[in-house]
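Engineer: Heads up, here are the entries from TrEMBL:
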{"type": "DOMAIN", "residues": "1-218", "note": "domain 'Calcineurin-like phosphoesterase'"}
{"type": "DOMAIN", "residues": "224-297", "note": "domain 'Lariat debranching enzyme C-terminal'"}
{"type": "REGION", "residues": "282-309", "note": "region 'Disordered'"}
{"type": "COMPBIAS", "residues": "299-309", "note": "compositional bias 'Polar residues'"}
Amino acid sequence: MKIAVEGCMHGDLDKVYDTIKYIENTRNIKIDLLCCGDFQAVRNEKDMDSLNVPPKYREMKSVWKYCSGQEVAPVPTIFIGGNHEASNYLWEFYYGGWAAPNIYFLGFAGVVKFGNIRIGGLSGIYNVRNCCLGHHERPSYNDNTIRSVYHVREYDVHKLMQLEELIDIFLSLDWPLSITDYGNWQQLIQQGTLGSKPAAQLLKKLKPSYWFSAHLHCKFTAVVEHEEGGPYEVQYDEEWLAITRKLNCVFPLTFCRGDFGRTQLDMQDCRQWVKSRMEDRGAKPCEFSQTAPPHKPSDSVSNTTFSGN
């Protein structure tokens, strides 16, 4: 299996798929999966209102074509959210789901299987002031919530920390804190403020075979090879669904943090509950369903790009 990893895509999906096609043709290989961060899944002009980008820098880019069905992703694609997202749309898929045909959002935190590998991810960026809050934000966002909505939350990190089975690939937007411990070349790093503390905790606990992060706009290319295993399609992960069921009763939807001590369900019971239902319905997620009208190219949109924080 060959996996392509793209960092901050910022909506340029056409360019990414064109690059994959070029690599496949020049190297005579088949890329089986694309993993992305800072995806910017904007379907239409309305979604722009939930994008933390100054209005004069907003641009439709090309993801809308795939959400509308005008184009179909040529490579199975899995992505996490960043700090320039149509947060109203991603909130519809808090637990994960198809953002477009063949394009799967891992959720604010999530784990899926693809062939014989497990892929986990944590969306958003770390902000110490908001980490312990609940998911209180709702569309339409104000000047504060349009930023805080994509801040990593303790609840989602706690769910990921319950994982015991091996994770092959983990995706995050932030680099884990202290990943650059070697060297002493910038005050930012010396002060220990570069990177995400929750991501560092997950890295230490989960020990995935590979961890990919974006956000710093560093150019990085990698091909990850694994033993053959199929089918090559996104499937639900049994352990992750059991964790989600166990902790869903304390899902914090206000400013208050989750009270993890109130969880009553036994993990083994949750695992068996999930297993029985997956046996009945299968492990493949439901098909993509369009929830908003697609963009019309005739609509007026700015043509200026933006890649700030």
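Keep in mind that glycine also has a Cβ here, set from the backbone N, Cα and C atoms.
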Engineer: On the DSSP side of things, how many residues of the domain 'Lariat debranching enzyme C-terminal' (224-297) fall into helix, strand and coil, could you say?
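Structural biologist: Across the domain 'Lariat debranching enzyme C-terminal' (224-297), the residues distribute as 31 helix, 5 strand, 38 coil.
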Engineer: Taking the domain 'Lariat debranching enzyme C-terminal' (224-297) alone, what is its mean pLDDT?
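Structural biologist: Summing pLDDT over the domain 'Lariat debranching enzyme C-terminal' (224-297) and dividing by its length gives 90.
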